[in-house]
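Trainee: I am attaching a structure below and will ask some questions about it afterwards.
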Amino acid sequence: MEYADDADRRELLLHSAYAAEQVRVMERPLLDRGVPLMRMAAQAVAHTAAGMLDDEDLALEDTSIVLLAGAGDNGGDGLFAAAALAQEGAAVTAVAVGRTLHEEGFAAFVRAGGKVLVLDPEAGIPGCASGFSAGEAGERLQAAVSLASKSHLIIDAMTGIGIHGVLRGIPAALASALGLDGEVPDESALPGRESSGDFPLVLAVDTPSGVGVDDGSLPGPYLPANVTVTFGAMKPCAVLPPATFGSGRIELVDFGFDIDDVEPAVEVVDNTFASDAVRLPHVDDGKYSRGVVGLVTGSQRYPGAAVLTARAAARANTGMVRYLGPERAQNMVLAALPEAVLGKGHVQSWVVGSGVPSGDADGADADLQRQTIAALLRHYALDGEPAVDDAAYDMPPVVVDAGALDLLPDRVPGQVVITPHAGEMAALLNRLEAGRAGTRADDASPKAGGYAGAADAEDAHDTVGFDGNADSGIDSASTGTGTGSPETAESKSDGTESNTVSFPTADESEPDVTGDSRAASPATDTPSSSVTPDEPAAAFTARDVTAYPLACARRAHELTGATVLLKGAVTIVVDEDHTYVSGSAPAWLATAGAGDVLAGLVGALLAQQDDEITTAETVAAAAYLHGMAAAIASESEQQGWQEPDLVGHGRRQRFMTLGHPIVAGDVIRAIPEAIADVVA
Ligand SMILES: NC(=O)C1=CN([C@@H]2O[C@H](COP(=O)(O)OP(=O)(O)OC[C@H]3O[C@@H](n4cnc5c(N)ncnc54)[C@H](OP(=O)(O)O)[C@@H]3O)[C@@H](O)[C@H]2O)[C@@H](O)CC1
Ligand SMILES: Nc1ncnc2c1ncn2[C@@H]1O[C@H](COP(=O)(O)OP(=O)(O)O)[C@@H](O)[C@H]1O
């Protein structure tokens, strides 16, 4: 077996995921050279299975193992692995979930003394029963569920990268009975911390059956794993939420794919990646050259967000923080951060909206912060007019958070960064999709009235349109300075028609062998939304966003042009061409105000950039530093995503430090140390 021995290759493999089709292309030259990939995969699976049982102090000869074997090569991997385990004395039963089994794998398994249970009456597996009645098929299915439930280890080799859509038929019935139906496993944040003594353990071969391999979704029944042994390279489901939460520990087998010239489908942020976004101070630096962040955050009602964004931005390697907001918030910012400067001036980035009421809040129309933000965001609106668009592209980067999300213009350049959590993303998509479908021609919406364009921008990096006093003289959205007209669904032609968010549905043509309605229609509990350009969209919910976060983030990018950061235990960042994820945060970070800290941190990193790295890379680095600061503050080793173990390179220690609760302010205090760690 070839193992990665080069440090750069190893780093790349451990932080990159490749789509199923890319993996098939990369495996081709090896298969053509006759490299026995399936045997190598099976050997790793058998080795990992033995290790999992050994961790539970079980000798192989005392264990019962159930292999769920599909008809494809994933089943073949499982059969060869099961044969090896049977040879070592384990009692192994292979449950054939399809109509055939991988021929050589099956032969090896039978030679090793394994038993086979066939579930599909139409199956044609040599020496095994077939043509049995529907009633017997139901009984066999129940027997398989019972056998698997009582076993020590289930090896899930039903489907790998060859899955199409939602799991259906017998595999769906088994996953429903033994696993979950689209939900994320309900576990404490430190799975595998110590032996649970709960059997059966589940080892997934290549990918857990039922997950969306390329988009990381959980569209229906799937079998969550304790450990996934994945071959050649990680697939997106190993790093993307929510599928990554159902994958358990990932063990990666390096087949020696030529990955140097292949662009990963998803990149996981690590220290090296994040360090590129931190500008080290120069000997000739002054405060302005180190980056100035302008904040229009906090409000009369939520002044605390002003303090959190200001303190976070100030601690994240910037030269200066400018604050605009109501007097109460100004006073609080100055008390917490005497270094802050009030009022307008030159800035290299903006942060707007954290702690600002959204448009549906009482009195939102009269809120001065919203009016200030609306005036600023007009300068980012693209309307196809070259002069207007050029001016928009020249504006400094802006982070549009929380209450400002509903003030986002229809189309913006990529230096506009939106930072929703799942609920905010659902609301945003509903607004955008409704706007496209022309179902909500709401003149009172923040989008109405057109956009001012940037004709009044004296300096693209200045506080365009602002009076120095944030409480008066604001270039108000309601003054109607705009000249453009809002795009209608008809007038808009942004080329996004083909890229819609569509949620898979069950293929109901498959027989229901169980009588279990979930097996016949496994998607009955899948999200309600199915968005096509021609019909009004059903409302998105936060649950939809949590189940299909990548699709939703991409959709928000397609509709707006903004760089999208979708928050969660694993945060996703997308732009036109790239997808980044950061899973550095412990779950202790899920605490009020943590999002405000992130907004300030993103603004700070954007303010210190030259043109060497992209907005999306900077934003992804900020998410990573945010998580690292939370890890330092909480003294926790738990993370939303753990690096895989590379098979053949030993296993990482399993006993992680749980840490302790934190508040958002603790995260801010740890930002400097997080920065120091990544640049060290
Ligand atoms: N990458 C590598 O280098 C190497 C890869 N290798 C391995 O090959 C695997 C890929 O094998 P693969 O192409 O044969 O597909 P695979 O995952 O077995 O799935 C096909 C089966 O699933 C079924 N099925 C499909 N959709 C379904 C649904 N929704 N619901 C229910 N069933 C569904 C489908 O049924 P059908 O649609 O034909 O009725 C068929 O039976 C890969 O993941 C890895 O394990 C290693 O051996 C060596 C090196
Ligand atoms: N389970 C979790 N594990 C790690 N980080 C999380 C988890 N849940 C949320 N977070 C992070 O916590 C932050 C919460 O932000 P947000 O929901 O905007 O909070 P608030 O609005 O109170 O500031 C985000 O950065 C998010 O990525």
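Backbone N, Cα and C atoms are what each Cβ position is placed from, and that goes for glycine too.
Unlike curated entries, TrEMBL annotations are predicted automatically.
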Trainee: Which one of Ala305, Ala306, Ala547 goes with Gly355, His421, Asp596 at the (6S)-NADPHX site, as TrEMBL has it?
Mentor: Ala305
Trainee: If you look at how TrEMBL annotates this chain, which of 177-196, 197-216, 357-376, 437-456 comes out as region 'Disordered'?
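Mentor: Going through 177-196, 197-216, 357-376, 437-456 one by one, TrEMBL flags 437-456 as region 'Disordered'.
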Trainee: Please state which member of Gly561, Gly593, Gly595 TrEMBL lists alongside Lys567, Gly568, Ala569, Val570, Thr571 for binding AMP.
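Mentor: My reading of TrEMBL gives Gly595 as the candidate in that site.
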Trainee: Identify which of the following binding-site residues, namely Ala305, Gly355, Lys567, Val570, Gly595, place a Cβ less than 6 Å away from any atom of ligand 2, and list them by sequence position.
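Mentor: With ligand 2 as the reference and 6 Å as the Cβ limit, the list reads Lys567, Gly595.
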Trainee: Sequence gap of 6 or more, C-beta under 8 Å: which same-chain residues meet both conditions with respect to His421 ((6S)-NADPHX binding site)?
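Mentor: Listed in sequence order, they are Leu566, Lys567, Gly568, Gly595.
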Trainee: When the pLDDT values for the domain 'YjeF C-terminal' (270-678) are averaged, what is the result?
Mentor: 80
Trainee: Between the Cα atoms of Ala305 ((6S)-NADPHX binding site) and Thr571 (AMP binding site), find the distance and write it as a whole number of Å.
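Mentor: About 21 Å separate the Cα atoms of these two residues.
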Trainee: List, in sequence order, the residues of the same chain other than Lys567, Gly568, Ala569, Val570, Thr571, Gly595 whose Cβ lies within 8 Å of the centroid of the Cβ atoms of the recorded AMP site.
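Mentor: Once Lys567, Gly568, Ala569, Val570, Thr571, Gly595 are set aside, the remaining close residues are Pro241, His421, Leu566, Ile572, Ala585, Ala623, Gly640.
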Trainee: Enter the number of other CB atoms within 10 angstroms of the CB of Ala569 (AMP binding site).
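Mentor: Summing over all protein chains shown, Ala569 (AMP binding site) has 21 other Cβ atoms within 10 Å.
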